[in-house]
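I have placed the structure first, in the form of structure tokens, so that the comments after it can refer back to it.
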Amino acid sequence: MRTENQKAWFFVLPVLFLVAFNALVPMMTVVNYSVQETFGNNQFFWQGLDWFEQILRSERFQAALGRQFLFTFLILLIEVPLGIIVALSMPRKGFWVPVCLVLMALPMLIPWNVVGSMWNIFTLPKIGLMGYFLNDVLGINYDMTQQPLSAWITVIVMDVWHWTSLVVLLCYAGLVSIPDAYYQAAKIDGASPWSVFRYIQLPKMKTVLTIAVLLRFMDSFNIYTEPFVLTGGGPGNSTTLLSIDLVKIALGQFDLGPAAAMSLIYFAITLLVSWVFYTLMTKDDQK
Amino acid sequence: MRKRSLIPILYIAFLMLPIYWLVAMSFKTTNEILSGFSLFPQTFTLDNYIAIFTDPTWYWGYINSIVYVSLNTVLSVAVALPAAYAFSRYRFLGDKQLFFWLLTNRMAPAAVFALPFFQLYSSINLFDTHIAVALAHTLFNVPLAVWILEGFMRSIPKELDETAYVDGYSFPRFFVKIFLPNIKAGVGVAAFFCFMFSWVEMLLAKTLTAVEAKPIAAVMTRTASSAGYELGLLAAAGTLTIIPGAIVIWFVRNYIARGFAMGRV
């Protein structure tokens, strides 16, 4: 059990200073902008909560938020079950284990803009392997730059390619920590594969699965670079997710007030959902 | 049993296809790329790689990226070690709240911080330096390192600390000589994750640099837009960015699974 000791604060101070410098100063800047109006020349006028109201009511924000939730929902729906299936069918010991793990982790170590460029090259009609295969071999009319549906499918498949391995590795870590004796006991009892999964494997994966869902939620909700490089938010606005829209407003149009208000609303939503996952997770930890 | 291994094989094949395509493209000439589809490079060329290794803007992009990533990794792990020790061993006023607050920074969308970071680091004259990017990346790497290290430290029984004190070890000596060797897997995994997230993050790195510390990503976008359609060059540059990650991951291969679970299995 951990002992009570207030001096432990000294150990935490360096982290506190570093993160506070990086988090609090910019956060205060954002809060500052969100309640003011500026016409340039560093002149600011008090605006109150008008920007927040304007953003929350704007159809553009609501549409981007809707797309964001749809995207996150879809990738969780695909990546979590797929990750579990792959983890369950992986070998537990032997030469192939590290090879599999390294190959699976590889997509996660590629810079995010390169992931976007790679999928761009991969899906180009006539030139890319996938674009060529779909258009010229299967005869499906596929062009990501013209059709919103194709763009959506490509962005989703790209994220599945990029991040499913995270779920696989987490679940696999849970699975290898199950002692052999559990499986032997199940065999003696004549348990079906389903009940082995339901009563032995799934409970052991519960904590890591919560971490996986938490991480995947956070990262997919904040996703920017990959879809931006791949589609630029297009065609039209069809793949403009929240971050892409935010950067458009903040750095493209330089509308600081609305951008700041949007940032805070955005952050608040991420925080709220993550907090729910986090409480679920730490509740498990304490048992 | 044979049937079961089919799933991982298919999955890995799916992962490798786009990577194969990137590598294949990097060995093709621009003519071949634009003239039509070919599964393997017909006229194998190293020109794209030669172009990168002879142009200082290109190779400095790689060096800059590696410099700030290494700085960030060392800094993040160094400050996270004592903090993780405190969280794993002691209860103190506000510990839970502090831990969650740290994690919230991992949840913040980078897009939210792009503009304020630019202003903050400009105002303290650090804009366009490696240290600025390294410091900015600690925002999400320090919380992650604390989280991972805390998970690994928690699995070390407290009796280890107590025995060492009874044996007359001072705290610093105990920490370096006994505790660190016991959690070296955790330190490796934490360093790996800091490296990974600093290496792959591009939005902040691009926002905080202009010329001197320009990361490889910024060089790539410049090529993609200004030099027309040099797909072969872009593919070669992309291929080269995969290599550092592949090397680093090989070192931690035995701890990957547990590392991704943040030591919590």
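Using the three backbone atoms N, Cα and C, a Cβ is placed for every residue, glycine included.
Residues annotated as transmembrane segment in TrEMBL: B:7-27 (among others). Sequence-distant contacts of the transmembrane segment (B:7-27) (same chain, six or more residues past either end, CB-CB distance under 8 Å): 33, 39-41, 44-46, 48-49, 231-232, 235-236, 238-239, 242.
As annotated by TrEMBL, domain 'ABC transmembrane type-1' applies to B:62-252.
Sequence-remote contacts of a segment are chain residues at least 6 beyond its ends whose Cβ falls under 8 Å from one of its Cβ atoms, and for the transmembrane segment (B:66-87) they are 95, 99, 130-131, 133-135, 137-138, 141-142, 144-146, 148-150, 153, 175, 179, 187, 190-191, 194-195, 198-199, 205, 213, 215, 244. Summarising the annotation, TrEMBL assigns transmembrane segment to B:66-87 (among others).
Per TrEMBL, the feature transmembrane segment maps to B:99-118 (among others).
TrEMBL lists B:130-149 (among others) with the feature transmembrane segment.
What TrEMBL lists as transmembrane segment is B:179-200 (among others).
Taken from TrEMBL, the feature transmembrane segment covers B:231-252 (among others).
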Intrachain neighbours beyond the transmembrane segment (B:231-252), with Cβ under 8 angstroms and 6 or more residues off its ends: 19, 22-23, 25-26, 28-30, 33, 45, 47-49, 51-52, 58, 62, 66, 188-189, 192, 195-196, 199, 216, 219-220, 223-224, 259
